[in-house]
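Contents: one structure, followed by commentary.
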């Protein structure tokens, strides 16, 4: 939980609102999720460490950082970046001391035990990162709550959204997908479920019919930079005093947030005249297209015609014109977004070196660069399509 007086998502909480302790907040989450599990809203409840860092005998998926869920503001991505930097520093130190790299990092036996088939240096670094992350997360693993909305295959760990899931009535947490079941049937008896028992358990199919085949949303896609990150939304509320400390203010703030969602090109913050320093009403001022944040109100502009400023001033867009631009711009963004998604899906599956699909080769180049890039966008990578 945030510290008292600190805003995490909503700006200005009620003064009478209490901040729960970490253990109380965690128990509140867990009790809510246990109720959701009983009502079949969620199908599983675990934590990040037990699910991704502890490899059971039945799990055949690799223990790799690529499987970890990644969300903006999470703890583990920042910790992982620090650990990767430490690993690189240690490698450089070993190179200077002319000592073996893989010898001290990870043995082939450890790589095979984690499900790694690639015994190269990259796999060694990946497993070393997972070990250090696991050591960091393990003492506080109960705080990394994971909720499963669909069943995951015990063997490959892929979510099962269609077909059958094959369950064992004797083992409560064992279930595999159709593909893994076909592979299971071709194995020798000693390699079948359960691996540690001489007597093998039969598997029974359960049809998956609660996941809709078509999830197309007919509503328009609304984009807004203020909902990209937590900090962007909080900055919008702080800059415009969209407070939530009283019911009246919370209602007004919610309506204004919805206004900005449906009018993404509308000014998000109050514009101030650079001369008289008074607030400028929407559509009632003049702006310089060269100088950033240079605006004057109508009265100041009409006094001298803008001759005191070296650049040309253009009038602010009126409400009617802005509404028309909003609708057209929103439609264009939806079309562009769908084209981009189609391109990404195509490029990720395309194997043709001479593909004629527009920009396919450029996106493939981006994928290849992303695999080898050590700078990353957060570090200032300047790669462009």
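Backbone N, Cα and C define each Cβ position, glycine as well.
All TrEMBL annotations are machine predictions without curation.
As annotated in TrEMBL, region 'Disordered' covers the listed stretch 95-119 rather than the other ranges in 20-44, 45-69, 70-94, 95-119. Predicted-model confidence for the domain 'ZZ-type' (268-327) is 77, expressed as mean pLDDT. Across the range of the domain 'ZZ-type' (148-211), the DSSP-based residue counts are 12 helix, 14 strand, 38 coil.
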